[in-house]
Amino acid sequence: MYLSTTRAAGSPVAANGRLGAARVPATVVALGLVSFFTDISAEMVTAFLPMYLLYGLGTGLLNLGLLDGLYTGAGALLRLAGGHLADRSARPKAVAMAGYGLSAAGKLLFPLVGGSVAGIGAAVSVDRAGKGLRAAPRDALITAATPPHALGAAFGVHRALDTAGALLGPVTVFALVAAIGDAYDAVFVTSFCLAMIGVVILACFVRDRRVAPGTRPKVSLRDGRRLLARRPLRRVAAYATMLGLVTAGDAFLFVGVQRQTGLGAATLPLLPLATSLVFLLAAVPLGKLADRVGGWKVFVAGHALLAAAYALLAAAWQGPFAALGVLLLHGLFYAATDGVLMAHLAPRVPEHLRASGLAITQTGQALARAGGTIAFGALAASWDLRGAFAAFAALLVAGVLAAGAFPPDPRRAREASS
Amino acid sequence: MSGHRLRIVAGICSIAALVGAGGGYVAWAIAADERPAAIAPATAEPGTLVFLDHGRALSQVPVTDPGAAPVRRAPTCLRSYTAGGTTICLRTVAVPAGFEAAFLRGDKEIAEPVRVDGTPSRARVSPSGRLTAWTVFRTGDSYNPGAFATTTGIYDTRTGTLHGSLEDFAVLVDGKPYQREDRNFWGVTFAADDRTFYATMGSARRIWLLRGDLASRTLTAVGRDAECPSLSPDGTRLAYKKRVGTRWRLHVRDLGTGRETPLAEPAEIDDQAAWVDDATVAYARPDDGGRVSLFAVPADGTGAPRLLRRDASSPAVVQRPDQSHSQATP
């Protein structure tokens, strides 16, 4: 039953919500829990690494900065590889397992490599490699387990659990460091155990839908590339990339908000928490909205919200309410775009190439956002922060108008909204 | 039992085992980390070395007998410094996850902790114990993607004034205002007047030594390439790290003559030094086995480094009050 039909029949919202919750398959909830535990584990290490390098090992942070750029590139490549491998083997669960397992193993490498900077680099690389590898096959598993009309809610549940894990990771590690003087091993052991819980849930509670080898087409690298020639994917990926290019990067937004509140630098580390909380709370409702009115509309509207946030920053309205407004819009932007884009795209990619298609789009978007951040930084440095936000707000509005007026597949978009 | 059932049972058992293993390890680590009952007296006598031990507990020993069994004090910190009876302790907070600066006299907190925006790097207290300063690393600040930024704050424990971060001060280089967005500040050291301080600024790949004035909120460039300065007890010299080739080496500069002397420590030092007395500086670096330990070296470029205390960091040596002037205060 379509949610939109239920709604049209005038059934109350509460019943609607219950119905929606019931439709998210157990496999998706299990995948959400996998991400929840994996993200606690991963964010523990991310939050801990600067402390570990400075105080556990007595090496500087310089190497951390150098490695960061490398990861963006390697992560993009591995994401594509993960998508391709999942399609080629037709076993997305196995590829996702490899990714989650690799990240879990990476946690144990840290205490083993000791103070060697190259060793730390290798351990972080193993962790990030696993992260790149698993993303697309996991999203393909969510898609395979969910009826197409409930994908928005399914990705919403997954992203909400994922974000909850990311929020709990730093809390866990800072509590451990506060409680234990020499917490280094305890942090890595805890992180490893949490990552392994994720792997176990994936292994035991997520069902793989196997396709008999004879019934599915063979997938080659060329097929992945040919995907870009197919209209829905090419257009969706192009729009996602284009909108990514005019995204300023979260760090700048938080600096802008901090200046708006006038509360001083001490508030800065708290601002991402506000965005994450809004994302966490809004992911499921906005996913359901996407199921009802069409994912593309919600995705485009999400970018309109981001443009509004930039405009608020450009207008430089002072005070806590303006700042809260920006953070609310920013969190809603993530809730309206992150899982929603996958939910919109997944049914439009042929099943045997789905992981590749999702990987191509995610990679394009991620690289474009990195580029957008660099461009914004250059603009802010040569001009000023407010001017840069005004420019990016204008560019985003242009992108939103284009994406709204010329949706990637007009026929389907009309169908979904009628 | 069907394969599906079996998988679920195996899954539940594995998760229970992992929760038990992880939880057990943490419980064991917390139990092993039990603080000793011995708490140091509220004040440390002049000549006391205050430092963080391997478990990051604030500890102290007489600097003349640094191998002695240390007296541990209650708080654990990532970085600390003690002067004039005041200790600044940079530590973690769980909710919301982050870091804060705590201010102690003895083991009593004398002010509300101040949240700091990043991983603690340097800490300092003015000789009188009134002013405190910290430097933290801010990662994920993408003015410069792939790199990191530092930010430095000063807090007056007597008046409760947060003098903001140094980014808010006016900077003068060669007599002209310097306003580039990419300015980073680190490593404050205070003079005895509770108004003058020195700090480092990095911008456009260059490094300046600045003299700061809290009253006029200005920072004036007085030199180049000196990082994390540390003012001698008599106020006449600065010890600092300076990049020589690709490595940081310890140097001392005479503020009167401007003469710079490399110290007899051949290893790379990434620390803010602390003066043991007017002739010796102490600092942390990894020992031959890679364990971060405290060393001391003469401040005039002669001699050789000696091990002060193994498995320790954040050195501070309590000085005689108001040594550089006449005995105005007891």
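Yeah, the Cβs are placed from backbone N, Cα and C, and that goes for glycine too.
Nobody curates TrEMBL annotations by hand; they come from automatic prediction.
Here is what TrEMBL records for this protein:
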DOMAIN    A:27-411  domain 'Major facilitator superfamily (MFS) profile'
TRANSMEM  A:20-40  transmembrane segment
TRANSMEM  A:52-71  transmembrane segment
TRANSMEM  A:108-126  transmembrane segment
TRANSMEM  A:160-180  transmembrane segment
TRANSMEM  A:186-206  transmembrane segment
TRANSMEM  A:236-257  transmembrane segment
TRANSMEM  A:263-286  transmembrane segment
TRANSMEM  A:298-317  transmembrane segment
TRANSMEM  A:389-406  transmembrane segment
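Contact between the transmembrane segment (A:298-317) and the transmembrane segment (A:186-206) does not hold: fewer than three of their C-beta pairs are under 8 Å, each pair 6 or more apart in sequence. For the transmembrane segment (A:236-257), the neighbouring stretch richest in Cβ pairs under 8 Å, chosen from A:108-126, A:160-180, A:186-206, A:263-286, A:389-406, is A:389-406. Taking the domain 'Major facilitator superfamily (MFS) profile' (A:27-411) as a whole, pLDDT averages 87 in the prediction.
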